[in-house]
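The disulfide bond annotation in Swiss-Prot covers C22-C28, C23-C36. Swiss-Prot lists I29, N31, N32 with the feature site 'Important for binding to nAChR'. Taken from Swiss-Prot, the feature site 'Moderately important for binding to nAChR' applies to L30, Q35, supported by experimental evidence. What Swiss-Prot records for N34 is site 'Moderately Important for binding to nAChR', and it gives experimental evidence as the kind of evidence. The annotation cysteine amide is assigned in Swiss-Prot to C36 on the grounds of similarity to another entry.
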Amino acid sequence: PDGRNAAAKAFDLITPTVRKGCCSNPACILNNPNQCG
């Protein structure tokens, strides 16, 4: 029952790192416009 919550927490931890790394890379920004806004 707790699996989805744990996954959401893990995603919240991972996302800022992805955002920083990806959004400093123009090619990645183009591939992930919703993450880099």
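Here the Cβ of each residue, glycine as well, is placed from N, Cα and C on the backbone.
Positions of the features from Swiss-Prot, shown on the structure.
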residue: C22; record: disulfide bond; DSSP class: helix
residue: C28; record: disulfide bond; DSSP class: helix
residue: N34; record: site 'Moderately Important for binding to nAChR'; DSSP class: helix
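Over all protein chains present, the Cβ of C36 (disulfide bond) has 16 other Cβ atoms lying within 10 Å. Cα separation, I29 (site 'Important for binding to nAChR') to Q35 (site 'Moderately important for binding to nAChR'), rounded: 8 Å. Candidates N34, Q35, C36 (recorded positions) were compared with C22 (disulfide bond); those inside 10 Å Cα-Cα are Q35, C36. Fewest Cβ neighbours within 10 Å among the recorded positions C22, I29, L30: that distinction goes to L30. For the pair formed by Q35 (site 'Moderately important for binding to nAChR') and C28 (disulfide bond), distance between Cα atoms is given as 10 Å, rounded to the nearest Å. Of the recorded residues, N32 (site 'Important for binding to nAChR') and C23 (disulfide bond) place their C-alpha atoms 8 Å from one another. Across the structure, C23 (disulfide bond) and L30 (site 'Moderately important for binding to nAChR') are spaced 9 Å apart at their Cα atoms. Comparing Cβ neighbour counts within 10 Å across the recorded sites N31, N32, N34, Q35, the minimum falls on N34. Non-local neighbourhood of C28 (disulfide bond): G21, C22, C36, each in the same chain, at least six residues away, with C-beta under 8 Å from its C-beta.
The Cβ of C23 (disulfide bond) has 14 other Cβ atoms within 10 Å, all protein chains considered.
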